[in-house]
2 protein chains.
Amino acid sequence: MPLEDSLNRHKDSLLAALEVDDRARLDAQLPELRSADIAEILQDLLEDEDALRARALLDCLPLERQASVIGHLHGEEQLAFTAGMGDDRLQAMLEEMGADERADLFKVLDDDRREALLRRMAHQEREELKRLASYEEGTAGALMTSDYVAIPAGMTVSRAMMRVRQTAPDAETVYQLYVIDPEGRLAGTMSLRQLMVARPGARVDDLMIHDVIHTTVDTPQEEVARVVARYDLLALPVVDEARRLVGIVTHDDALDVVESEATEDIHKGMSIGALEDGVSRVPLWSLYRKRVTWLVLLVFGNLLSGAGIAHYEATISAQVALVFFLPLLIGSGGNAGAQAATLMVRGMATGDVGVRDWGKLLGRELLVAGSLGLTMALAVAPIGVFRGGETVALVVAISMIAIVLFGSLLGMCLPFVLDRLGWDPATASAPLVTTMIDASGVLIYFSIATLLLSGG
Amino acid sequence: MPLEDSLNRHKDSLLAALEVDDRARLDAQLPELRSADIAEILQDLLEDEDALRARALLDCLPLERQASVIGHLHGEEQLAFTAGMGDDRLQAMLEEMGADERADLFKVLDDDRREALLRRMAHQEREELKRLASYEEGTAGALMTSDYVAIPAGMTVSRAMMRVRQTAPDAETVYQLYVIDPEGRLAGTMSLRQLMVARPGARVDDLMIHDVIHTTVDTPQEEVARVVARYDLLALPVVDEARRLVGIVTHDDALDVVESEATEDIHKGMSIGALEDGVSRVPLWSLYRKRVTWLVLLVFGNLLSGAGIAHYEATISAQVALVFFLPLLIGSGGNAGAQAATLMVRGMATGDVGVRDWGKLLGRELLVAGSLGLTMALAVAPIGVFRGGETVALVVAISMIAIVLFGSLLGMCLPFVLDRLGWDPATASAPLVTTMIDASGVLIYFSIATLLLSGG
């Protein structure tokens, strides 16, 4: 298994061979490497601003391999290679690519280049490319490929088998077959496994599953991935508004979606907008913009906490020991609340938690948060006695329970409220929740303090 | 596509049929539902503490279907069904399951039950089950299945094809074939697609890929999933220490791992330990334990902040307006720092960020955090003038830049330091990072204030 070290060794060796133009060594070594690995070496070179050697390395590969490697790169990186290619070579490479990767590459090219390429294509090829490239990013349409095996309804098993053999080199997967009616509508599906053990004279219509799990072109990609995961699918067929089969989303693409959606959710949980690339590659300006928005918005939330503190100046001067416990109380409330919000947001994203579960989850959170608050109160009470006497200890302990309980319930409910308002529940990020709890925590703490200390 | 609503309709209709013991309606409706959907209906019933009807519903299914549905449930839920089954029926159901699901179910049974079942099995079957059940949770061994198609080296294409047809009903996937030498070692691999288009008289040895991507039984599951994702694999073969093929991990299991590891990472990011089940199902006591540990540990960090504030009491009394900005400054630093930590932790988890990238990322973070600090300083300075005059504004602005910069760099570096110490980088959770920044922020703010205000 190619670990980072082994990949670096390969890279060094390849670059050394390139240096002295040792074609024999390059030709011997390159076939040993997988496209994903070569792509990573090229990415490394681009990150080191060594586009020249990256291009030279790519040129050493056969065209089919070049297409596969380019397919593993991100848009910006692809442009670093295509910029120097003539239209002829680019067109030849596009032809070697899978339909979905071809469309992805096509989308990052500039208009002139697209026009030049489209003019060189046959009508059908052109229309298919334009169609695949037209779907909105993040939908099933943008994810799918048109390289699937379609079997006309009514075909016999033996003829379907011949069709599979013919399509084998081009199709993304030949292991799941889709039966279409004369209007191109999805009529059924069967696995190659079923086909292989079936009687050659039987008709596919009698073998296929009629009730096919499918999705539509405009379905969001996270939902597509969830269906693939739920039913352990090799591929999920995609239909248009007339139920015509227009593509399939394969298991490897679903896996990539789950990974990238999780990354997006994790970033959102910390009030970072969706990045268009990995954190080590995304432009600094973009990284700044995606982080600054909420940071500045939350300034106003934090000003509320400050105003709260200012409002209770008299209480604070009367009992300065109270300030000592302020960070502890609002910090604990914020942490417990962020935990509760995170549990809900992730539960909703994976489908584990639905809006109908709200009541039940509220009851559970009350119990857990109550226990958490009680534990923290017990932990902090002795310190309260030590720093400010028994009354302060009582104020701190009661405030701890109240703030942890309030914070947890706020954190738990916020994602549901946002969802209800048609917002993304993930907006209930840790920074937003903790800022809200900081401000309310100040009020809760000093209200309890004013009440108990003035009365005592 | 079965949405939540449609599933609920199905559930209601099934329960109504069950109520009046309408077998015809049950037999008509159940085959329309997929095992994953029936499993969800059973889960709903168990959550509503309606185990009786859940069992009755399961009993309506043919044995093979029961096995498939049970395979979709979690350990605790499986026990709710197996508890009432006799050994005969349980054994028959185990035989219908895939090898990996059989081992998973076996693991949750109690010792007496296991002994009773093992006694009923043939020697080979028993040894295989014991072996599969023996691997540690979270490793390739625990994830893999032994239902793969193995082709002995030297076989011809036509005989290999016959072997595929024979194994088809039992194997988890027949689409990737593994060639093994006489000692059982993994010698090569080929796809069914390659086999189908090959000359029948050719030998598999001449067609197969010799350099097979594989993993070992004790490899952590997140690494297994990463390899499957990187190379777009249908299945990843697993070998023992003698390079003997012992199982495969299929794409659908890898997808589940990516999803559950992401959930675990998201929870860890908020200082919540790994939950053994979904948030709506995990026992309350467990949820409490997984949340309380860090909350209590962080109390001590927060006490430092309190001690810092107490230490600067004189400065605060001299210029009370300073307290107004305290939550704002430490809050902003904490948020920026949590963002930086989260970006690194996720980058390291996906393999996007490596330890060797540290220097480059530090430079990037300096630039971005510097800009963030500057932006926030500009946003907050006017409020400083308004609340406390120009000197306070200056103190607040300089502190903002210093705290955001310090917080971001701390958040960025912490995951690398933890990784270096052999800890999980994900320990650099948002609560830990913000607590650390709160304490340091208090010191930075009041140091700057003391310096500038006493000098002014």
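Every residue number used here counts from 1 along the chain in the order it is shown.
Cβ from N, Cα, C; glycine included.
Feature annotation from TrEMBL assigns domain 'CBS' to B:144-207, B:208-264. What TrEMBL lists as transmembrane segment is B:292-312, B:318-345, B:366-386, B:392-418, B:430-453.
With helix defined as DSSP H, G or I and strand as E or B, the domain 'CBS' (B:208-264) counts 24 helix, 16 strand, 17 coil. The domain 'CBS' (B:144-207): residue composition by secondary structure is 20 helix, 19 strand, 25 coil, according to DSSP. For the transmembrane segment (B:292-312), the partner stretch with the most Cβ pairs below 8 Å, chosen from B:318-345, B:366-386, B:392-418, B:430-453, is B:430-453. Long-range neighbours of the transmembrane segment (B:430-453) within the same chain, counting only residues 6 or more positions beyond its ends whose Cβ lies under 8 Å from a Cβ of the stretch, are 269-271, 294-295, 298, 301-302, 304-305, 308-309, 311-312, 315-316, 318-319, 322, 325-326, 329-330, 333-335, 337-338, 341-342, 391, 394-395, 398-399, 402-403, 406-407, 410-411, 414. Same-chain neighbours of the transmembrane segment (B:366-386): 325, 328, 332, 336, 340, 392-398, 400-405, 407-409, counting only residues six or more beyond its ends whose CB sits under 8 Å from a CB of the stretch. Remote same-chain partners of the transmembrane segment (B:318-345), defined as residues 6 or more beyond its termini with a Cβ less than 8 Å from a stretch Cβ, comprise 265, 269, 305, 309, 353, 361, 365, 369, 372-373, 376, 380, 384, 387-388, 392, 395-396, 399-400, 403-404, 406-412, 414-416, 425-426, 428-430, 433-438, 440-442, 445-446, 449, 453. Mean pLDDT across the domain 'CBS' (B:208-264) comes to 95 in this model.
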